[in-house]
């Protein structure tokens, strides 16, 4: 009874507010006796009632209410106004307002969405609003929020607009969420979304990014079956995929196919094909295609690709000739172009010429980047000039560039080659202090120097040195040390490291156990190897395909011994049926 009374009061208040607005007596709503009863729910319902008689009056009232002191529109009243604007086909205003609301309210929450959508039953309008919301979240780099809105639409049987489909799928491609993309696309199809050329192109781009040739070819067949004609972007994406995969013949077939379909290749098409030739070292064919370019103009990418190709083919003279040719045409090399030439000079130890090129970059105001600095550092490290390498690193920091893993690893390797173990360790500790995780090779170079000096005790002391400096010694550290010591045949030292990690409470993983077990197996300590393999089984530590490949690469000259070791692992159930099948397939291919 009380609920019915409240509903009647609310209904009367809605009528009173609507009547006051339609008559222009808005100021009456500010009177204390009336204003204290005007809630957000009443305003929302009043807006709907007013819009049936005069849309412009409802919009004016909404804007007027915003200016009233101490009043703020609720999410409910804002959503109602957006709904009215959309119903009246004022799409731009509705979209702008929706984006403003979405920035401050958590609209992707299923509870909030359900409350908002159920408040108005017009499916077409709700489809518009949620499609715009999907676009907003996708463009705001919030793909998971966009997916939540999409899922709500699917449950409510609301149709997602084609533009929203394209935008959502594209955001998933950009974020590398390939699996989510294909699952979402299948759901879209079940909802009745008919893919157009834009959706197909996004899917083709996804195939290109993930290197999925088979799926790309299936898509092309599907497009042809559904009479959706591929456009220039479709063909270029497919050509780029084939070129990246080294499938040059297939790429040329696509070029021929597009020309027969009346689609003219552009410079992107030519650049992909030229890149394919260059990566294979086929510079004669690359230059022939370059000279045959028609209806397009060679750009910076074209010349840079060719210059890089010549550098990789050990033809720096030709690379420099092309650099002069592009400048003559008004195309000036950028940092990427210079980096290609610089890399080749540094590889060949021509640091004097590299510095001349660096001075030229400075004269032409081409700003060096991380690649430039890393290339120089690596070049100096190779010739043992660590002083110059440190100078470049310092200049990187002065220029606001951040040294990365490559920078630190190159310097660790350089110091180790120069037998400066203290310098190498200092760089390693610097690397850890800036939050970068050393790799297997970062540690192995240090181990190699100590092994060369027959100083196994120094390897063990590295653990204490890390702890003393306040750095975390985790499984990656122990794994790298054990692997390298075993590779160098220092099994006793590897065993000691393994023992230390157990005392420190660091549990070994599959790679640590398998490495040590194989080392024992190799020197005939079969009982010790069996114990470790049994321990792996007890702890359910399995041999993965990655571990199998790693062992085969590290011990490529010990195939017969490895086969016996893998047989032991199979007998103990340490290799799953799936991994075993993959191994068999690999063996057939090799």
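Placement of Cβ uses the backbone N, Cα and C atoms for every residue, glycine included.
Each residue of the repeat 'PPR' (161-195) gets a DSSP state, and the totals for helix, strand and coil are 27 helix, 0 strand, 8 coil. Annotation comment: TrEMBL describes 161-195 (among others) as repeat 'PPR'.
As annotated by TrEMBL, repeat 'PPR' applies to 196-230 (among others). For the repeat 'PPR' (196-230), the model's average pLDDT works out to 93.
Tertiary neighbourhood of the repeat 'PPR' (231-265): same-chain residues 197, 200-201, 204-205, 207-208, 211, 213, 216, 220, 223, 272-273, 275-277, 279-280, 295-296, selected by CB-CB distance under 8 Å and a gap of 6+ residues from either end. The repeat 'PPR' annotation in TrEMBL covers 231-265 (among others).
According to TrEMBL, the repeat 'PPR' annotation covers 266-296 (among others). Residues 232, 235-236, 239-240, 242-243, 246, 248, 251-252, 255, 258, 302, 305-306, 308-310, 312-313, 315, 318 of the same chain lie 6+ residues outside the repeat 'PPR' (266-296) yet bring a C-beta within less than 8 angstroms of a C-beta in it.
Here TrEMBL flags 299-333 (among others) as repeat 'PPR'. Secondary structure of the repeat 'PPR' (299-333) per DSSP, as helix, strand and coil residue counts: 26 helix, 0 strand, 9 coil.
Cβ atoms under 8 Å from those of the repeat 'PPR' (334-368) belong to residues 300, 303-304, 307-308, 311-312, 314, 316, 319-320, 323, 375-376, 378-380, 382-383, 385, 388, 399 of the same chain, restricted to positions at least 6 beyond its ends. If you look up TrEMBL, you'll see 334-368 (among others) marked as repeat 'PPR'.
According to TrEMBL, the repeat 'PPR' annotation covers 369-403 (among others).
Helix, strand and coil counts from DSSP across the repeat 'PPR' (404-438) read 26 helix, 0 strand, 9 coil. The feature repeat 'PPR' is assigned by TrEMBL to 404-438 (among others).
Remote same-chain residues near the repeat 'PPR' (474-508) are listed as 437-440, 442-444, 447-448, 451, 456, 459-460, 462-463, 466, 515-516, 518-520, 523, 525, 539, 541, 554 (criterion: CB distance under 8 Å, separation of at least six residues from the stretch ends). Under the heading repeat 'PPR', TrEMBL lists 474-508 (among others).
Same-chain residues lying 6 or more positions outside the repeat 'PPR' (509-543) and placing a CB less than 8 Å from one of its CB atoms are 475, 478-479, 482-483, 486, 491, 494-495, 498, 501, 550-551, 555, 558, 561-562, 564-566, 568-569, 572-576, 579. Per TrEMBL, the feature repeat 'PPR' maps to 509-543 (among others).
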Secondary structure content of the repeat 'PPR' (266-296), with strand meaning DSSP E or B: 22 helix, 0 strand, 9 coil
Chain residues outside the repeat 'PPR' (404-438) and at least six past its termini with a C-beta under 8 angstroms from it: 370, 373-374, 377-378, 380-382, 384, 386, 389-390, 393, 396, 445-446, 448-450, 458, 462, 465-466, 469, 471, 476-477, 480
Distant-in-sequence neighbours of the repeat 'PPR' (161-195), which means Cβ under 8 A and at least six residues beyond its ends: 127-128, 131-132, 134-135, 138-139, 141, 143, 146-147, 150, 153-154, 202-203, 205-206, 209-210, 226, 228
